[in-house]
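These notes concern the structure reproduced below.
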Amino acid sequence: MAEIPDETIQQFMALTNVSHNIAVQYLSEFGDLNEALNSYYASQTDDQKDRREEAHWNRQQEKALKQEAFSTNSSNKAINTEHVGGLCPKPGSSQGSNEYLKRKGSTSPEPTKGSSRSGSGNNSRFMSFSDMVRGQADDDDEDQPRNTFAGGETSGLEVTDPSDPNSLLKDLLEKARRGGQMGAENGFRDDEDHEMGANRFTGRGFRLGSTIDAADEVVEDNTSQSQRRPEKVTREITFWKEGFQVADGPLYRYDDPANSFYLSELNQGRAPLKLLDVQFGQEVEVNVYKKLDESYKAPTRKLGGFSGQGQRLGSPIPGESSPAEVPKNETPAAQEQPMPDNEPKQGDTSIQIRYANGKREVLHCNSTDTVKFLYEHVTSNANTDPSRNFTLNYAFPIKPISNDETTLKDADLLNSVVVQRWA
């Protein structure tokens with residue numbers, strides 16, 4: 001038999017809270033940690049089922065003993081009544097006969113009333129011991145699971161009632177209810193303990209010497225932050241009609257066999273790391289919301305700010321994305337350069353040209369220059385393929401400018417804005 005690593009044994013003991021011998025026994029039998037854990041959890045579930053069956057059998061035995069004792073008492077009472085009713089006075093005693101007649105006359109109506117009252121049942125103001133036993137038996141019958149049978153002539157199938165009170169889900173909710181009540185009663189004590197633990201001293205100190213000449217030694221705190229226990233977190237689990245949900249996460253359906261492991265872990269007081277998104281050894285507080293009579297409702301999407309990419313408005317061609325923005329610390333060469341004051345301005349008018357690549361330029365020219373001159377200037381300064389066709393357009397309203405010998409004044413382009421667009 002291969003030797004089992006100590007790390008595996010310690011991990012099994014931490015997950016199951018068992019002794020070292022039991023951990024070694026399971027790991028030696030199965031060899032793998034996961035298989036050993038599954039076998040241990042299955043045995044624990046079987047033990048719980050056996051204990052429930054034993055408790056149910058004990059209740060049935062107690063009920064049978066009570067019914068037997070009640071029937072014995074009833075028969076004894078009937079015998080005593082017949083014996084008392086059979087008593088008669090001596091023939092020679094008048095006093096005894098008178099007392100007998102008086103007793104008979106005073107007590108004869110009462111048994112009639114009592115018999116009618118006990119026969120009706122609903123009109124009785126008192127409950128007998130038999131009524132109590134009968135009511136308890138009815139309650140026990142209601143608590144028992146109802147199983148039905150289905151099938152044909154040669155085959156049969158036993159179907160268990162899904163509303164079994166001993167089911168895993170009901171057991172889990174009942175434990176959560178009891179745990180919530182205990183937490184409410186002991187809540188203040190836990191808060192005080194937490195505050196006392198938070199005020200503990202941490203840091204470094206001085207070690208006192210044993211001799212007179214011994215120097216003081218500084219002792220550092222070697223406890224790393226990674227080895228300390230993670231902070232306590234809170235998780236919310238909602239149980240719907242179809243399944244259960246952790247916070248606003250996805251729905252874990254009851255009919256999925258993979259999710260039964262999570263229910264079993266929660267029922268045994270352990271927190272599934274993947275389900276609750278916690279670390280190993282981290283303390284977690286689980287708040288349970290019971291909504292078994294409601295269907296699952298998907299969480300509404302939270303409204304937030306805009307995120308993503310967009311298109312720059314006013315691009316030369318609809319649908320064409322604008323070039324990437326230039327960092328602020330860099331000045332592109334294509335940007336418009338302010339003209340120095342000492343440079344003389346040429347021409348009697350100016351036209352602002354907006355190129356398709358985002359560059360802007362202010363062209364000083366004469367009003368007698370032609371539109372064709374403007375096209376040639378844009379072609380030579382566009383820094384693109386000269387063979388690519390384009391058009392010059394008015395800024396507003398947007399309409400193309402004809403490339404002809406019309407003067408800038410006649411084309412109404414004096415002190416205007418011209419936009420370049422690719423053809």
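Positions of Cβ are set from backbone N, Cα and C atoms, glycine also.
Within the list Ser93, Ser106, Ser224, the entry that Swiss-Prot describes as phosphoserine is Ser224. Looking up Ser28, Ser39, Ser130, Ser210 in Swiss-Prot, the residue bearing an annotation of phosphoserine is Ser210. Lys241 (ubiquitin cross-link) is surrounded by 11 other CB atoms, counting those within 10 A of its CB over all protein chains shown.
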